[in-house]
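In what follows, a structure is listed as structure tokens, so that the remarks can point back to it.
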Amino acid sequence: NTNITEFILHGLTQDRTVAKVCFLLFLLFYTTIIFGNLLIIITIRTSEQLNSPMYFFLSYLSFADISYSTATAPKLIHDLLVEEKTISFVGCMAQLFGTHFFGCSEMFLLTAMAYDRCIAICKPLHYTRIMSKRVCGSLVAASGLGGFVHSLVQTLLVLQLPFCGPNNRIDHYFCDIHPLLALACTDTHTISVSMGVNSGGISLVCFVVLAVSYALILVSLRTRSPKEQLKALYTCTSHVTVVVLFFGPCVFIYMRRSTTFPADKVVSVFYTIITPMLNPFIYTLRNHEVKNGMKTLWTRTVR
């Protein structure tokens, strides 16, 4: 039922001067994402001191950041220098699948990291037994499986829609749900509700687990000494910052009806590029163990 073989993206901006400036900025941002997150992965994998579950999850979070931004950033950077921003129908569906797969997997990973911090602070004597390597590996595998199922459902729902044309212009810089629903030549209310339930249900479950985890942490800290409270809060601050930066824009985009707003592009840039770029800085600038691991890695490399 689809007559369209390719879509035309409106892109981030139509102003050529602004586009050239954005090209340089996003090229710098994407390079920082790749090298910053790769540095964290290599540091954790090669350091004997960074072998706790927290760093195990952090290495996979960095991998998810690289993959997530790669689903959209290279195409965005390329399109900033061309006038006709086209993408094939198959490429569009692949981009839709990739963004939701890695984005949802990252959401589950952040939830698993909150659970890990909760066990570490509330049950420190049983932490090693509860958060064994097998459990950590299962949580990472479950995050990937959950992201795959979510993305598969979203993509299959979009593939059921007929795109008859002649309008094939997507008012965005990448293929996403709301702009694609606007192009379908049929009533999309039912599919829109199904997608909302899918995304909303996952976001709600993750939010409840996050809220319960940090509520238990706060309750547990009431009986601890001020020094222990400060140390625990210092450890959790980085994770809370990343959660807010990632969940906030995602909730704004996906937990609403199938409508588009002018601010959607800016918000999307924030959670697809800016947040993955900031994550390495958030976790390294406030973490002495990671910084020491990087110093050790640098020393070994120089030698």
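Keep in mind that glycine also has a Cβ here, set from the backbone N, Cα and C atoms.
What TrEMBL says about a protein is an automatic prediction, not a curated fact.
Summarising the annotation, TrEMBL assigns domain 'G-protein coupled receptors family 1 profile' to 36-283.
Annotation comment: TrEMBL describes 18-42 (among others) as transmembrane segment.
Taken from TrEMBL, the feature transmembrane segment covers 93-115 (among others).
Away from its own ends, the transmembrane segment (135-153) comes close to residues 53, 56-57, 60, 96-98, 100-109, 112, 115-116, 198-199, 202 of its chain (Cβ-Cβ under 8 Å, at least six residues beyond either end). As annotated by TrEMBL, transmembrane segment applies to 135-153 (among others).
Marked as transmembrane segment by TrEMBL: 202-221 (among others).
For 233-254 (among others), the entry in TrEMBL reads transmembrane segment.
Marked as transmembrane segment by TrEMBL: 266-285 (among others).
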The transmembrane segment (233-254) vs the transmembrane segment (18-42): 3 or more CB pairs under 8 Å: no
Outside the transmembrane segment (266-285), six or more residues from its ends: residues with CB under 8 Å to it: 12, 26, 29-30, 32-33, 36-37, 39-40, 58, 61-62, 65-66, 68-69, 71-73, 76, 99, 103, 172-174, 176, 238, 241-242, 245-246, 249-250, 252-253, 291, 294
